[in-house]
Amino acid sequence: MAAEDVVATGADPSELEGGGLLHEIFTSPLNLLLLGLCIFLLYKIVRGDQPGASGDNDDDEPPPLPRLKRRDFTPAELRRFDGVQDPRILMAINGKVFDVTKGRKFYGPEGPYGVFAGRDASRGLATFCLDKEALKDEYDDLSDLTPAQQETLSDWDSQFTFKYHHVGKLLKEGEEPTVYSDDEEPKDETARKNE
């Protein structure tokens with residue numbers, strides 16, 4: 001009677017006898033391959049990019065530099081922080097100076113944005129121009145940027161503020177640097193003299 005039920009339902013007798021899903025997975029090479037791929041991807045997701053987990057240093061990156069104390073820079077002082085003269089890489093955006101050393105692959109000498117290292121990158125980022133000619137050697141007040149370019153620059157400023165350490169500001173010629181205390185709160189030079 002059981003054989004008649006199988007014939008009546010149209011089911012394959014081997015499916016009813018075996019392990020069902022497990023039988024399907026382990027008897028098909030394609031399913032085995034997909035299962036292996038799923039396990040590998042799950043392992044990569046769970047394990048993630050744990051630093052030092054593999055025991056080797058893939059990129060031969062130098063050890064991280066200590067955090068730079070907050071200070072202000074003239075365009076000439078900023079220029080030496082290009083990743084060549086000094087291992088640290090600084091960039092100015094919208095009057096703010098950021099330590100972008102951890103982004104060496106992008107902003108280092110061989111990176112796609114290496115032209116901005118040690119410079120005020122505001123004009124280049126606002127105009128989407130990676131030419132060295134777009135950058136000025138002296139302080140750039142950016143007064144000739146269009147509203148759309150100013151908005152683009154503001155977006156870059158927000159991204160850098162979120163991602164990189166803000167180490168100070170870019171000084172105009174003749175501007176006095178801000179004195180920063182150990183807790184990195186700015187104090188004007190005149191307020192400091194009155195104490």
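Glycine is no exception: its Cβ is also placed from the backbone N, Cα and C atoms.
What Swiss-Prot annotates here:
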- Tyr113: heme binding site (BINDING)
- 72-171: domain 'Cytochrome b5 heme-binding' (DOMAIN)
- Ser54: phosphoserine (MOD_RES)
- Thr74: phosphothreonine (MOD_RES)
- Ser181: phosphoserine (MOD_RES)
- Thr190: phosphothreonine (MOD_RES)
- 1-24: topological domain 'Lumenal' (TOPO_DOM)
- 44-195: topological domain 'Cytoplasmic' (TOPO_DOM)
Euclidean distance between Cα atoms of Thr74 (phosphothreonine) and Ser181 (phosphoserine), Å:
20
I'd like to know which of the modified residues Thr74, Ser181 has the most other Cβ atoms within 10 Å of its Cβ.
Thr74
Using the alpha carbons only, what distance in Å do you get between Tyr113 (heme binding site) and Thr74 (phosphothreonine) once rounded?
21
Mean of pLDDT values spanning the topological domain 'Cytoplasmic' (44-195):
84
Per DSSP, what is the residue count of the domain 'Cytochrome b5 heme-binding' (72-171) in each of helix, strand and coil?
40 helix, 18 strand, 42 coil
